[in-house]
Amino acid sequence: MNARVIKLHQGSLVGSIVAGTGISGTSNTQLGAVSGIYVDASHNIYASDSLYNRVMLWSKNATSGSLVAGTSSVSGNTASTLNGPSGVVVDSLGNLYVSDYYNHRVMKWASNASNGSYAAGNGTAGNSPQQLNLPVGIYLDEFNSYLYVADSNNHRIQRFQLGISMNGTTVAGGNGQGSASNQLDTPFGVYVSNKTGALYIADYNNHRIQQWNLGATYGETLAGVTANSGTSLMLLNNPSNTFLNHNETYLHTNIDQNQSSNMNDDTVQSSLSKQNNPGYKMHRLKHNISKRRNSAPISLNHRRTSINKILPRNGESLIHVAPHDHRLTSEKNKINKQRNIITINVSGNRYQTHLSTLENYPNTLLGNKRKRKYYWNEEKNEYFFDRHRDCFEAILYYYQSNGRLRRPDYVPLDTFLEEVSFFDLGQHAISQINKLENVSIVKYIDLPNLAWRRYIWFYLEYPQHSLVAKILYFLSMLLTILSSIELAVESLPSYDDKWNSRCAKEENTTILTTEHPICYAIFSSPFFIIQTICVSYFTIEFLLRLISTPSYYKFVISIVNWIDLGAIVPYYIFIGLVLAGKETDLNGNSFAGLRIFRILRFLRIFKIYLIFRQLKSLRVLSTTLKESFVDFIIMIVILTTMGFLFGAATYYVEQDVNGLVFDSIPKATYWGIQTITTVGYGDMYPITATGRVFGCACAFFGVATSSILVSVLVDRYQRIYNRRKYFPEQILSVVESSDNEHEEKQDFINTRLSGTKRSIFSGILAPLRPVPSVTSMTKYRRYFDPKISSANIQFIISIQDNKTNNKSTQQTANELMKELTELIQNSGEQIYLKLTTSEIDSSDHQIPTEVELNSIPEE
């Protein structure tokens, strides 16, 4: 270690020592290991000495420094000591902030103070919001009172609100140690842009400089190659710091582990290029004043202090006094306002909004200047989109409301999702719509491990995906309806006692014994024959479900399976009673407990719903009832409360005259609920004039309240029905399991579904370089042919190039199609390919692979 700080002059490779002597020591003229420096507006140099656990201050042109933080040569974790100080920064009031590396904290030293106070971290290593783990670089956003800390061992950047909270917020990284775009590996330096708020991070062990835009969840590599170090111009080797100069050009320190002394020299050069530039300081002042203008007035003393800080010390002035021209200022403000407001034309409808509103979401189509420039109309000075107009109002409100997105009721869901994807609002917006609309694209199912059980379970549970399953479904539906009709007809008076009388007649013709003989007339009954056929099928179906279920626990707790079991068990109990000669006592007192089994036969009625649950209308009604459960509870509470109030009032009015009818408040509440719901059995009614007035008021309020509550349920039903109508059926996918089982089961599902035509898509996304002609469906229709439209799986791969060299486009497409053709031939699937371009007629440039494609075996 050279134990010094060198200033490199512009245009020269020769530097001069401004701090230290080059010999390690503890005196005021020496330094040990310089791990961080800061140069203020007065050219004072603050150097953190990690070897001797102190921060030294060198005034301009001074030959020795002074101790401003820590205790020289003493390490510790007290308020007056440091242990491995690293990053250092000073605010406009002279307060010094230093990252205390081994103490896992950032300390604040007031000017001339002997002890420091905690600014970030609590002094213990950890990854909670209050903790740090080996902090290195720091950056101070004095205007917003933000302190950014490179939390190296937690692989994240933390932001702390000074004076407000000791809890930090992760603004970059925090997803574990790694080299992915959303990860960091031991970040050493951080810098924040004054213009955009973007973070620039020196990712030490990934050998790269990353830029994280404001609010982004991932970073972009600006310099270096991820996880690759070297000495070439395109590589970095453990960069330790980075920041921007006044032109927003990022600079960084590139540390070669064999030449560690270069860190200090490069850092000084970059720091001085920022601190000594008057234009940078004037821009910073202008930026801060414009941000404060809309918040709080700036005091006169603060303005004087700011002006004094940006003035150079050599006597030159940045201020030019001239007469003020109000007309020039007014015209300039008008131009600036016009530049900040943009016009967007969507299929003839023009919208205007502030540019800053759109740029709050820089990753979207409208918020990204590079993406939206392809839609610029130079002639009319506006952006033009040939898109859905009604959807765009909701999309524009997404920008204006800071991320609130809701589909208009009159717009189909698939159309709205297409527009959201086109304008590239991101996964967060799509997830928001999915949550509001209760959309679930993929339905995860579980399948048995054995192949034969898998076939049985799939055919019984998913009848819409197989011809065999559909036949079983219709057979089950037919027998369920037949069983329900048999149960209803058997209860008619003309058939109720017919078979009992036949059994009694048969019993009288037999020899008298002490035991009841078996009534064989029951077995010849058409009702018994129909019931036997239906129950036999239900029994086989239940046993097949039992032996093929993928989870016996889920099978046991399912109410559906208990309904199936309750529909078949009474039949077998009845058969046992008949064979035991006890059927005549079912209605008697000796076997009164067995009547429950006659009641259980009624459970067969519920199988009608289980069969018809495949109908969309019933599924929509079922979903509506589930999602409206809370609304039902609220409606019941409101109506019961109103019934109680009106019932109690009527009770006290009718007590003296009609006390036998309204003999208690609970009974009067029963009358109130009947009146509110407009049922009115007529068993209770008031007879006094006041009571009748209460009765009328109760009826009026009941009708009005019920109408309001019912309208909520109707609106919910309509939204769910539209969602099911416009949105495709769920795609079946197996639940997570081992890789081999998952692949085998998913192949089984794909094979079973191969007979159903379906479209596979991953979303409708705007291309990287979109052109308005992309949205014209007339250009796409001519590319479809009967062979493609009849395929089981359909998808389109489009290649577009805005360059004038169509040969380059054709060559690229041919290469891609050649690779795809080879993959198709190896897969054995029935897939047809066709090359299309946005400007060239497809008939003249079709890929000559028809012979090869016809030779591909069909499934």
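Note: Cβ is positioned from N, Cα and C throughout, glycine not excepted.
Taking TrEMBL as the reference, the stretch among 323-350, 799-826 described by the feature coiled coil is residues 799-826. Taking Cβ pairs closer than 8 Å, the transmembrane segment (632-653) reaches residues 625, 662, 664-665, 668-673, 675-677, 686, 688, 690-691, 694-695, 697-698, 701-702, 705-706, 709 in its own chain, all 6 or more past its ends. Sorting each residue of the repeat 'NHL' (178-215) by its DSSP state yields 0 helix, 17 strand, 21 coil. Residue counts for the repeat 'NHL' (69-112) by DSSP state, with H, G and I taken as helix and E and B as strand, are 0 helix, 22 strand, 22 coil.
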